[in-house]
Amino acid sequence: MRRSLAPSQRLGVRLQPNQEFTPPLLQKKNKRTCQQEQEQLQCQFALRDATNSNGSIPLPIRFTANSEYELAIAKVLARKFKVPIANYVPDYGGNRCLGVRRSIVRRALHDPQACNALVLYTPPVYSEHERMKMDPTKILVHVVVDPLLSNILRPHQREGVRFMYDCVEGKKGNFNGCIMADEMGLGKTLQCVTLVWTLLRQSCECKPTITKAIIVSPSSLVKNWEKEFTKWLHGRMHCLAMEGGSKEDTIKALEQFSMNTSTRLGTPVLLISYETFRIYANILCQNEVGMVICDEGHRLKNSDNLTYQALMGLKTKRRVLLSGTPIQNDLTEYFSLVNFVNPEMLGTAADFKRNFENPILKGQNTDSSDKERERALEKTQELIGLVNQCIIRRTNQILTKYLPVKFEMVICVRLTSVQLEFYTNFLKSDKVRRSLADCNEKASLTALADITTLKKLCSHPDLIYEKMLARDKGFENSQNILPTNYKPKDLNPELSGKFMLLDFMLATIRANSDDKVVLISNYTQTLDLFEQLARKRKYTFVRLDGTMTIKKRSKVVDRFNDPENDCFLFMLSSKAGGCGLNLIGANRLFMFDPDWNPANDEQAMARVWRDGQKKPCYIYRLVASGSIEEKILQRQTHKKSLSSTIIDNNESAEKHFTRDDLKDLFSFDSKILSDTHEKLKCKRCLQNVQTKPPPEDTDCTSHLSQWFHCSNNRGLPDDILAQAWTASKCVSFVFHHRSQAQAIKESEETKQEAEDTSIPAKSKRKRSTTPESDDCNDEDFKGF
C-alpha cells in the first residue's frame, strides 16, 4: 500500500508512541444494543432446552417459536433423514480408510441381455447353493463387446471377432494364435479394434485380459491404424504411433512402453512399422506383451528374414496375423504364416514339405496319375482340417449385400506393328537365346531382366528406348524400327496397342460421364507416360508413388475422393498403394500390366470396389495378346487355383496348366486372339465364339474358364469398352464377368437421373488410408 493511502495519513492523525491504532471505519455499538442481543440468545437457548427436556427433537438454533404452529414446523425441519429401507442399518465407514473398495457383486462390464449384445464368453450356470459355497472373488462373468462397437458390426464381422477371441484365449485347442484371411474390404481392421478393446477392458475374471498390445504394419499404414482406433472408439483410448521422430525419442518411448506393466497405461497399444520393429526388437522383446497383431501378414512369408525372426522373439502367446492372401506363391510361404501364429502346429518345415507340400503339388498337375490325385486330395483334406482350427476366411462375395455391382474384364490387346517387330527381333537375338538356354529350375538374373524388358515393351516402346539406343541385348538391329518422326519425350499413343485403347476409353468416359478413373501400373516409368497422356489431353490428375511422403498421400487421396473435386485421373504405383488404400471416389480402374504375384494385382484392383462405393464399378485388366503378359496371367491362375484348393477348400479347382506350359514364357504367336483362351481348351466356345453361357452360379471370382468369352464387341457389359473396341481396332479378345446382383437399391432420384443422362449419380463419400512403399522389382518371380 502506498503511504499516502494509509488511514493515519488520510485522517491526519498522528499516533503517539505506544498508542494503539483504532480503525475509524468500525462503528461503535452502544451498550444497550449489545444487551438486547444477549437477551435474545438466552431466550432461544432456554426454548431449546425446554423442548429437549420433554424428549422431543431439538429445534434449530436461532429459530423462534412464538406459537404451536411454528413449533410443529420447527420439529419437522429438525428431524434427521432416515433411509426408507426396512431394517436398514447405516454404515458410516467405521475404521476404514479412504480408498478401501467395498465388496460388491461381480458382474459383466456390459449387459449380456441387451439388444444386439455380442457375448464372447458365457460363464457356467451356478445354483444358489453352489454360489453360497463358492469364493465370491472366483465367480466368472460374461465377456460382452462394448455396445459402441457391437452395434456397428456386420454379421460376418461379429463372427470374426468371436472366432479371434476364442483362438487367442485358447478355447479352440492348444494354441493361442490365428490368421484372419478375409479378402479385401471386409473390415479386418474394425474386427481387430474390437478384439483389442475388449481384451484391454475385460475378462471373465472381472479384470483386463491384457495390459498392452502391439500392432505391426507397413509404415504407410501406421497412421491409418491410429485413425481407425480414434474413429471407432471416439477417442476413448490413445495409441502410441511410432512414425518419424529422432532415435533418442523413439528409444525412450519404446522403453517406457515395454517396461510399464500398469493396467492403467495411458497408451496401451503400440502402432509400429515392420522396419522400426526390426531395428528396436531388442527393446520390445525384453518384457511380455499381451498380444501382437501383424497387418499385411503375408510380408512374413519368408521365415528366414530378420523381421520374421525378430517378431518370433516377442514374448507373447497371443498372435493374430491379417492377410487377405495367405497363399501367394507356394505352400512353403503358407507354412511360415501358420508357424508364426502357432509354432509346431504343422511340425518343422521339412516335415511339412514331405507330408503336405510335395503330394499336393503333384496332384495339381494335369498329367498326374489317379493315385497321385487321390493322395493329394487326402493330404489336402488333412491340411485343411488342421489349419481350419486357426484360420478364418470369407470372400468378398459378402460385399454384394452392401455394394453395387462390379464388372471385371480381362482385355487382350494386339501389339502394334512397331511393338511386334521389336518383340520378334528380341526373341530372335542370339544373346537372348543363349541366356535362355542357360536357364535352369531357378531363373537367372539375366532371364529375369529379359522378362522385365518384354513386359515394358508390351506397355510402350518408349520404355525400352534407352536400351535400343545403347544396342543392348536383343536390340542390336532395332534402330530403324521406330518411325522417322519419333520423339522420345513426346508420347505417341499409336505406337502401343494398350495406350491406344486407353486413350480412346478415357476420351469416351470423359465425354459421356462424370466417372473418375484409377490408372495402376507396376512401374513408375509407365506412370510417367500416363502423365504425358493426361497433359496431352488436358485431363486433371494426381499421382501417388513411392516418392511421395506419407503425410502428402492422405491429402492426395482425400482430394481425389471429394465429390466436389473435378480431378479425373488417379495414377497409382501398385507397390506404393496396392494395400489398404481407399479410392471410392472413382468407379473405373485400369490395371495396365500384370504382376507375377496374383495377390498384388488383387490388392491393387480392390481399391475402388470397397465399403462406401455407390456407383457400379468397372475393372479393366490389359494384357498383350500372345505375349509374356498372358503367360504371367496363366501363372497367376495356377497360383489362385492352389489358393482356392487350400484356403477356400475348393476341391474342384480346375487344373488347366502344367508346369511345362508355365515354362514357355518366351514363345510368341502374333496371330492368336488369346493364348490363355487357347490353353483353356474351352468347351463352351466354337472357333472362339461363345455358344453356351457360363453357369448361373458363377461370378467374377470364378475361374476364367467360367467367365463370358468375347471375340467381338457384342454382349459386352460396358458400352465404353464396346465403343473403344470399334474405334481403336486393337482388341482381340475379352473375358468378362460380374459380381452378384446389386443389393443396394438406388433411390428414385438416382434412377431417374441415370435414365436421363446414362450417368450414375454422384454420391458423397470421403474415406482415405495410406499405402505401401514403392518397389518396382519383380520380387515374387520364382523362376520357370
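Note that Cβ sites are derived from N, Cα and C of the backbone, with glycine treated the same way.
Marked as phosphothreonine by Swiss-Prot: T22.
Residues or ranges marked as domain 'Helicase ATP-binding' in Swiss-Prot (evidence: sequence analysis): 169-344.
Around K188 (ATP binding site), taking its Cβ as the centre, 23 other Cβ atoms fall within 10 Å, counting all chains. In three-state terms derived from DSSP, K188 (ATP binding site) belongs to a helical segment. Positions annotated as ATP binding site by Swiss-Prot: D182, E183, M184, G185, L186, G187, K188, T189.
Under the heading domain 'Helicase C-terminal', Swiss-Prot lists 501-658.
Here Swiss-Prot flags 745-754 as compositional bias 'Basic and acidic residues'.
Local packing around the binding-site residues M184, L186 was summarised as the count of other Cβ atoms within 10 Å of each Cβ; on this measure the leading residue is L186. Computed over the domain 'Helicase C-terminal' (501-658), the whole-number mean pLDDT of the model equals 83.
According to DSSP, D182 (ATP binding site) sits in a coil region rather than a helix or strand. For G187 (ATP binding site), the number of other Cβ atoms no farther than 10 Å from its own Cβ, over all displayed protein chains, is 19. Same-chain residues with CB within 8 A of the center of the D182, E183, M184, G185, L186, G187, K188, T189 CB atoms, the ATP site residues themselves not counted, are G324, N396. Cβ environment of D182 (ATP binding site): H156, G160, K188, G324, I392, R393, R394 lie under 8 Å away, each six or more residues apart in the same chain.
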